Amino acid sequence: TALSELTTGRPDGPTTNTSKIKRIVYLIVSSFAFRIFGILLTFVDLSLIITDIVVSDSMMYIPLEYRSVSLAIALFFFMDVFLRVFIEGIRRYFSDIFNSLDAAIIVVTLLVNIAYIFYDFKVLKDFPKLTIILRPLRLITLIRVFHLAHQKRHLETLTRRMVSGNKRRYKKDGFELDLTYITERIIAMSFPSSGKQSFYRNPIKEVVRFLDTKHQNHYRVYNLCSERAYDAKYFHDRVRRYMIDDHNVPSLSEMVAFSKEVKEWMAQDEENITVIHCKGGKGRTGTMICAYLLASEIFATAEDSLYYFGERRTDKSTSSKFQGIETPSQNRFVGYFAMVKNTYNLTLPPMKKLTMEKIIIYSIQGNGNDLKVQIIMQRKPVFFCSASKNSRIVHDAETDRVIINLSNCPPLYDEVKVKFLSSSDLPKYYDDCPFFFWFHTSFIQNNRLYLSRSELDNPHKPKAWKIYRPEFAVEVYFDDVI
């Protein structure tokens, strides 16, 4: 598709034998082992060059095997360049000045090594002038230090690829960024970083260069991270911020405000684009982008918008791992927003106040006496209970349930987070707790909320299924506040 070519430089379509071969070669030369091996060979090569200069000046004999090793290393790097040209094409590869310089250095050092191999034959040693000519060439080979710097550049790019996994990346025109065009005017990306973090995430200066090159004066950036920021001057002060915690949800009012803001910005100029990011450019980013897709009527249902975002953010040519919104609460809130759009015409639903009366946990290990429950509203803890405080915990062994009867729960309204803590061996995942979930009181029907394992944050992850059985679920009962 045109969108795929916009992002990756290659269309999504049937693959030819040549493209399959290129893909295999790409996986080899871009592998972590291949790059580390290349860096080690560069160090070995530089050591051989320095030894050559020192030993030659002392008139000691250098064995032919030494020359052969140096030649083999030069041939390895020549083959590396040849394979990269095969993958990217001559014009694209050599459009990068660093690639051109590196290729020139590799060719020169290869020719120097070949010259030395021939010089080691006794016949050529009888020509004194040849010795005078070859001696300065030893110094020329020290420019391989630049090649080491180029190898470091490859390693940084590879590290960023490994961190981003199989998220669709922008790989065109000399850019290599964890950045995806979800639509022609909506971009999702990971956090633009500086310092040490830029080694494995998008370097902020490269992101700025990309946006100034491709969309100069026509972009706005949204930072959805509550935990980290950067100087808005990088992006010419065109940065908006929504404070959302990692692996958590925005409020419905934030989703409405965001979608309206983006629609207004897009309407100002048909060239305007919007760039949205959180840390990884997936969960919080996807939640807000899906809200915009629904608000702008690109999609009518939450399911369609969620599926589309996941398809666009995932590079299936690398792996089949899904790179869409995986956190159940984030999926739930996209569903809520679809109702806000379709039922309430982008106005917030009427406020509903409830108190939480009872929590039933199905198929949990143990009797539940070590469980603690924390309720958070408007980013502040409003209630806490344990076996000895504000609750009575009953373990029903026959039905494999733990029933927590709450007392003194305050009125709850709008977005509510329920967080379960434990002093047992239950592993902690996101949010430093065994499991949690978000809900919105306005969408609670019949004063009951039932969430299966796949609808709870943390137990939804396959790595947690050894602890949480398929029957694991949480059921909550409420009372109306009169």
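Using N, Cα and C of the backbone, Cβ positions are placed for all residues, glycine too.
Quick look at what TrEMBL annotates:
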type	residues	note
TRANSMEM	24-49	transmembrane segment
TRANSMEM	69-87	transmembrane segment
TRANSMEM	99-119	transmembrane segment
DOMAIN	168-344	domain 'Phosphatase tensin-type'
DOMAIN	253-313	domain 'Tyrosine specific protein phosphatases'
DOMAIN	351-481	domain 'C2 tensin-type'
Positions whose Cβ lies under 8 angstroms from the transmembrane segment (69-87), at least six residues beyond its ends: 22, 25-26, 28-29, 38, 41, 44-45, 48-49, 52, 93-94, 99, 102-103, 106-107, 109-110, 113-114, 116-117, 147
Mean of the pLDDT scores, which run from 0 to 100, over the domain 'Phosphatase tensin-type' (168-344): 92
Counts of helix, strand and coil residues, the domain 'Tyrosine specific protein phosphatases' (253-313), according to DSSP: 41 helix, 5 strand, 15 coil
